[in-house]
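Per TrEMBL, the features are as follows:
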type	residues	note
DOMAIN	46-295	domain 'G-protein coupled receptors family 1 profile'
TRANSMEM	31-55	transmembrane segment
TRANSMEM	67-87	transmembrane segment
TRANSMEM	107-125	transmembrane segment
TRANSMEM	145-171	transmembrane segment
TRANSMEM	202-231	transmembrane segment
TRANSMEM	243-266	transmembrane segment
TRANSMEM	278-297	transmembrane segment
Amino acid sequence: ERRMTLVQRNHTLSSEFIILGFGDLAELQTFFFVLFLLMHLVTLAGHTTIVLITLIDSCLQTPMYFFLRNLSTVEICYILVIVPNMLVNFLSTSQRMPFLGCALQMHLFIALGGAECFLLAVMAYDRFVAICSPLRYTIIITRALCLQMLTLACVSGFALSLVLTTLIFLLPFCQSREINHFFCDIPAVLFLACSDTRANEVAVFLVCTLILLIPFLLILLSYAFIIAAILRIRSAEGRSKAFSTCAGHLLVSVLHYGCAIFIYIRPKSCYTPEQDKIVSLIYTNVTPMLYPVIYSLRNKEVKGALRRLLKSY
């Protein structure tokens, strides 16, 4: 029996999954390839611009832009894990993915997505201190604390992802290996397991609670205090300035957490492949493209830095 188990595990590790992607929309494959390639390039350009201007411009050497730069860096890595494979998939009816390749893609996707969630919560804390305790801001938000919070966000994301990915890929996949998705996403892979996955679903729920629900609730709590503090500001100009520094971050947080909570915090019985693919397209392609636009349009300092950068060339 032990020998059979070892043989089955070796077979699993050496096998592969088939990513079905959008094979059912063959007539639109080329159109989607061009559309999402353009979106991908715009997204990369937007986030790279934010990274560069927050590194180069002397006016943007503050904790808020330190976190924004690292958020954009994480976002670049996050989309590179998913989108290039998705684009290749548009040009073929199906795509073969090695077992370990699928596990690695899921691990990096969850890890980077988790790090982004924690970073958004850290950014909300930064804005909370800046608006609710402005006189103590430089004492509380030090360079050392920024580095510690960044490290904690990244380490937590990768550690939780490693636990969850390991639990999912230890399951037996003894029937269909066809993943009805454009990448190795948690619900799509769990759906293929041929054993009882209730314990794994509980693990997914717990990890998603730590990555999604708790940071999102902390962000909402921070903004409740921030809005109360803004309403106490007497001048309209002061209120407008305070709100403009927070509106972009709040909008990005709602978009990011909204899509992720919809996909991951629900039972396996609610899994609907076509619906999941559409929502996943939004949070891996559309929302990352919007983030640099939201931050630059709502932020006078970023717009000023962009103008100075363009004038210097």
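Every residue gets a Cβ built from N, Cα and C, even glycine.
Highest Cβ pair count under 8 Å relative to the transmembrane segment (202-231), across stretches 67-87, 107-125, 278-297: 107-125. Sequence-distant contacts of the transmembrane segment (145-171), counting only residues of its own chain at least 6 positions beyond either end whose CB sits under 8 Å from a CB of the stretch, comprise 63, 66-67, 70, 74, 99, 102-103, 106-108, 110-119, 121-122, 125, 186, 189-190, 193, 195, 197, 200, 203-204, 207, 210-211. By the Cβ criterion (under 8 Å, sequence separation of 6 or more), the transmembrane segment (67-87) is in contact with the transmembrane segment (278-297), since 3+ such pairs are found. For the transmembrane segment (107-125), the residues of the chain that approach it from at least six positions outside its boundaries are 64, 67-68, 70-71, 74-75, 77-78, 81-82, 149-150, 152-154, 156-158, 160-162, 164-165, 183-186, 207, 211-212, 215-216, 218-219, 222-223, 249, 252-253, 256-257, 260, judged by C-beta separation under 8 angstroms.
Confidence for the domain 'G-protein coupled receptors family 1 profile' (46-295), expressed as mean pLDDT, is 87.
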